[in-house]
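Asker: Right, I'll just put the structure down here and ask away after.
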């Protein structure tokens with residue numbers, strides 16, 4: 001019997017409205033390709049991180065035409081960013097719809113390695129927090145796309161630049177908030193987002209650099225706003241200036257822009273300003289002098305890298321090199337950079353240090369244990385082939401348990417908590433074993449759960465050898481084994497069969513009080529996991545079975561026992577040979593000469609000799625298929641039924 005669960009999550013459609021069936025069907029096709037629910041959560045979390053990196057690209061859309069002294073926009077960047085943003089938002093909308101009609105009822109466990117899902121829209125809608133739903137909706141609203149595609153081409157586009165900045169900021173915060181539940185789900189299922197310590201450190205460093213890039217993008221757009229403010233202030237100081245906000249657009253700009261704006265806003269460092277009429281650009285002077293505001297659309301990588309470097313440099317320096325003007329907004333922006341740099345740097349160092357320590361603690365323990373094992377093997381002069389097998393087993397056990405001693409951990413728990421934990425880990429698997437499925441008493445199964453112990457075997461390992469005593473009964477949960485016999489068991493040499501999930505090795509422990517001798521050799525073909533029951537555990541189970549359960553266990557034992565199957569095959573073959581023998585004897589009787597025939601003595605002797613010779617030839621021709629009594633193999637002895645010892649007082 002196979003104990004492995006279904007590859008995909010189980011979907012229960014009870015209680016779902018008919019209108020949701022089509023949506024659910026499409027979602028099942030999308031999610032059907034995912035290995036587990038946890039992998040899907042990781043994918044959605046990665047999409048959220050990518051969305052955080054895409055949104056600041058909207059701030060790089062405005063440009064300054066240095067030849068005509070007017071504002072323009074990067075149309076190529078508009079198309080690319082809108083397409084990517086729409087694709088990611090659509091992906092997340094599918095995720096929102098899916099979780100609105102699904103509810104996770106069984107988180108990932110170390111025993112099952114699976115998550116189960118039940119489709120139940122009403123239950124989920126009642127339990128889902130309204131706050132998270134509102135945050136999800138605000139996060140995926142296509143407001144930036146609407147602004148850059150509709151408002152910017154209009155005449156009031158300079159006003160829409162400030163609107164765009166606040167829209168990006170208002171959606172950026174909900175996008176960060178919506179990542180927290182996903183992050184908690186992933187860490188609860190996997191223990192960490194990244195399994196490798198270097199991947200975890202790189203992830204924390206990436207998040208630190210992401211904030212640097214975000215601050216650089218806001219600095220870029222604020223520099224353009226500062227330039228626009230300077231031109232408008234210069235026009236306000238001149239009586240003959242009649243430029244309006246719309247005249248600063250390149251599609252409406254004329255020759256007056258070039259003549260007036262060419263000398264209206266000189267780029268002077270804040271420390272060198274001596275005249276009060278000179279405009280103070282503050283910390284945005286670097287963006288204006290570097291020319292990143294005036295580059296052509298095809299030079300976008302240059303603009304992006306420079307703004308990223310500015311943000312990384314000032315966050316790392318906590319904003320100490322920033323020289324601001326007396327503008328309140330600029331000073332507030334500098335304060336945010338300083339405080340954010342301090343917090344981000346502290347979080348980065350703390351997370352990296354914590355992640356490396358948590359990841360290396362068990363690795364160090366494994367290395368220390370490996371060194372002790374090597375010293376012991378060298379001290380005891382263990383042969384090289386045994387050393388290699390020991391090393392491979394230690395590595396395999398580490399991969400499966402991550403250094404956690406499961407049995408020691410379970411023994412340290414209180415009795416009620418230990419029983420509940422073991423019942424959750426083992427009960428479903430034990431119920432699928434035919435030998436244990438006959439137990440109707442729930443407490444007896446729970447007692448068996450408390451007694452089983454998990455074991456691991458490498459490939460090509462011997463579970464038990466022929467002629468050796470059987471000391472434990474193995475219940476296979478994963479892997480394949482081969483059971484062979486070198487003796488003439490049941491009249492056949494090298495009798496072989498395969499064992500897999502749900503099969504049992506060592507069922508002879510049910511017979512008698514002494515340890516039985518194994519009649520077969522069991523060897524693993526692949527890496528095998530399972531549970532073992534010791535002889536005392538078998539006696540405990542047998543002593544608590546009633547008469548009907550014992551009879552049912554005997555029938556189940558006959559059905560699944562290899563000895564009983566082999567004996568049944570030989571018994572059927574012997575019965576068939578006996579049937580063929582009787583049929584042949586009847587044919588011979590029909591060929592005899594009828595009595596009462598009048599023949600003389602010579603003819604009688606001649607006929608008798610002829611019939612005797614013909615019968616001898618007939619026996620010789622049919623010897624291979626008729627199975628004569630002398631050539632027929634003996635029927636093996638019937639295997640013994642299970643013997644149950646009486647319960648000890």
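Yeah, the Cβs are placed from backbone N, Cα and C, and that goes for glycine too.
Sharing the features that Swiss-Prot gives for it:
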- 436-559: nucleoside 3',5'-cyclic phosphate binding site (BINDING)
- 565-594: domain 'IQ' (DOMAIN)
- 545-560: region 'Calmodulin-binding' (REGION)
- 618-649: region 'Disordered' (REGION)
- 1-43: topological domain 'Cytoplasmic' (TOPO_DOM)
- 65-76: topological domain 'Extracellular' (TOPO_DOM)
- 98-128: topological domain 'Cytoplasmic' (TOPO_DOM)
- 150-162: topological domain 'Extracellular' (TOPO_DOM)
- 184-200: topological domain 'Cytoplasmic' (TOPO_DOM)
- 222-329: topological domain 'Extracellular' (TOPO_DOM)
- 351-649: topological domain 'Cytoplasmic' (TOPO_DOM)
- 44-64: transmembrane segment (TRANSMEM)
- 77-97: transmembrane segment (TRANSMEM)
- 129-149: transmembrane segment (TRANSMEM)
- 163-183: transmembrane segment (TRANSMEM)
- 201-221: transmembrane segment (TRANSMEM)
- 330-350: transmembrane segment (TRANSMEM)
Asker: For residue 452 (nucleoside 3',5'-cyclic phosphate binding site), what is the tally of other C-beta atoms lying within 10 angstroms of its C-beta?
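Answerer: So the Cβ neighbour count for residue 452 (nucleoside 3',5'-cyclic phosphate binding site) comes to 21.
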Asker: Counting other Cβ atoms within 10 Å of each Cβ, which of the binding-site residues 436, 500, 516, 532, 548 scores lowest?
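Answerer: Fewest other Cβ atoms within 10 Å, among the binding-site residues 436, 500, 516, 532, 548, is found for 548.
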Asker: I want to verify one value. Collapsing DSSP to three states, which class is residue 468 (nucleoside 3',5'-cyclic phosphate binding site)?
Answerer: coil
Asker: Going by DSSP, give the three-state secondary structure for residue 484 (nucleoside 3',5'-cyclic phosphate binding site).
Answerer: strand
Asker: Count the Cβ atoms, other than its own, that fall within 10 Å of the Cβ of residue 468 (nucleoside 3',5'-cyclic phosphate binding site), considering every protein chain shown.
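Answerer: So the Cβ neighbour count for residue 468 (nucleoside 3',5'-cyclic phosphate binding site) comes to 12.
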Asker: Taking only the residues in the topological domain 'Extracellular' (222-329), give me the average pLDDT of this model.
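Answerer: So the average pLDDT across the topological domain 'Extracellular' (222-329) works out to 77.
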Asker: How many of the residues that make up the region 'Calmodulin-binding' (545-560) does DSSP mark as helix, as strand and as coil?
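Answerer: Secondary-structure composition of the region 'Calmodulin-binding' (545-560): 14 helix, 0 strand, 2 coil.
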